[in-house]
Amino acid sequence: MSKSTSGKQAIHEQGSRQSTPEDQQTTTQQLHGLHLPAMRVISIGPDPSLAYRPNLEKNENKDKEDYRNFENGSLIDRVFRTYKLMHTNQTVDFVKQKHSQWTSCNHAQVGMMDAIMSLDQLVDESDPDVDFPNSFHAFQTAEGIRQAHPDKEWFHLVGLIHDVGKTMALWDEPQWAVVGDTFPVGCKHQNSIVFRDNTFLENPDDKNPCYNTQYGIYEPNCGLDKVLMSWGHDEYLYRVLKFNNCLIPEEGMYMIRFHSFYPWHSHRDYMHLCNDKDLSMMPWVQDFNKFDLYTKTSDLPDVDKLKPYYQSLIDKYCPGTLKW
């Protein structure tokens, strides 16, 4: 599905796509009788959340300290470029534009399981370690949660669907506006943001006195619900679920909306914007993060065997054909 790109969106985008015509092809998907818009199979990696959350290595005993390593590794240069584009272009105006573009949910009508499986079209040929379909990470995360919390079926479902917002990349959204860590726009960029020191130099908001103070456009303890986050798959999926009146509990919705907000849930930055509700939800997001990070191994799940259970959860909490 083609979409027009405004002048602001086009700023610096040219450098975000590095694939050749041979790397890209447009296909029309037919999934279980559902006709999807044309989707581009792309190789414009890397997706930082796949590359560093974590790198899949042959070593099954990888220490937790080795995850999210932004200082060295085979992909560090390309990961840096992705964050450079993100931190240059993610401004208040850009985020508002993306809300207008995506939150009306008029891009496709697809069931949740089909959306999960469609993520296998996201190709990252620059990653030498992660060579299995992206849907496997969804089932690995879900199964890790299911083992630890057998009585919380909604939590299992959240593990399964948490990255489905990345479907935006199949509809021509550049990866720097889809993946990676998120952060608030409209206020000072905190030091815990990945590559904070040298990737915001060309971001106009970083020099705007309305946006570069501790609180910026926000009131103290206003609550994260009133904060504009950098645009990505977290916020998009949250909006899709709200638009379609899905029944996932609020704890699960927080996990979906803020699981990439590492400066908050892992470094406790931006606490001055949080209200009591945010603080009460933080432990849930932190608990989810353990499974998002540490369940990706070379022990791949039997997806066909697991599908009936997870389809039953989809039918209960977000049934039918959803608008995206």
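Each residue, glycine too, has its Cβ placed from N, Cα and C.
No curator has checked TrEMBL annotations; they are predicted automatically.
In the record from TrEMBL, residues H137, H162, D163, H259, D292 bind Fe cation; the candidate from H99, H107, H233 listed for the same site is H233.
Sequence-distant contacts of H259 (Fe cation binding site), defined as residues of its own chain at least six apart whose C-beta falls under 8 angstroms from its C-beta, comprise H162, D234, H265, V285, F288, N289, D292. Each residue contributes its Cα atom, and for K166 (substrate binding site) and H233 (Fe cation binding site) these two points are 5 Å apart.
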